[in-house]
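A.B. asks: This structure is in structure tokens; I'll ask about it shortly.
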């Protein structure tokens, strides 16, 4: 389970709530990983990937609009970070899902959660400091 911590708070309610939603989506993957009742998790994995990509695109757009509104000087490089995340999610090799579904979920979650945590604590923190 991935727990939201106070250290992830930026103090901007809209963005903090969107970041929490990204954690909620990641937790769906964690719950699926721990669920032993599904023999075939393929469709559920795909649902999570699609939801993650769509919500991340929404959030990144919202965050970039906010950064533009405050005249954030590093907006372009911040956007590149967002773009690299979306490209990585798009590059998840869905052909590998059936080889070992739990391993696939774990690797996907490792990337997603690490990226989100590091991005919030390092890159996002820059625009509030």
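In case you wondered, yes, glycine gets a Cβ from its N, Cα and C as well.
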A.B. asks: Which of 54, 62, 63, 96 does Swiss-Prot put in the same Fe cation 2 site as 78, 82, 119, 124?
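C.D. replies: Fe cation 2 site check in Swiss-Prot: besides 78, 82, 119, 124, the record includes 63 out of 54, 62, 63, 96.
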A.B. asks: Could you name the residues, excluding 19, 59, 63, 124, of the same chain that surround the Fe cation 1 site, i.e. Cβ within 8 Å of the Cβ centre of those residues, in sequence order?
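C.D. replies: Going along the sequence, the neighbours come out as 10, 15, 18, 22, 60, 62, 119, 120.
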A.B. asks: An 8 Å radius from the center of the 63, 78, 82, 119, 124 Cβ atoms defines the neighbourhood of the Fe cation 2 site; name the other residues of that chain inside it, in order.
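C.D. replies: Filtered neighbour residues, in order: 60, 64, 67, 79, 81, 120, 123.
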A.B. asks: Could you state the CA-to-CA distance between residue 63 (Fe cation 1 binding site) and residue 78 (Fe cation 2 binding site) to the nearest Å?
C.D. replies: 10
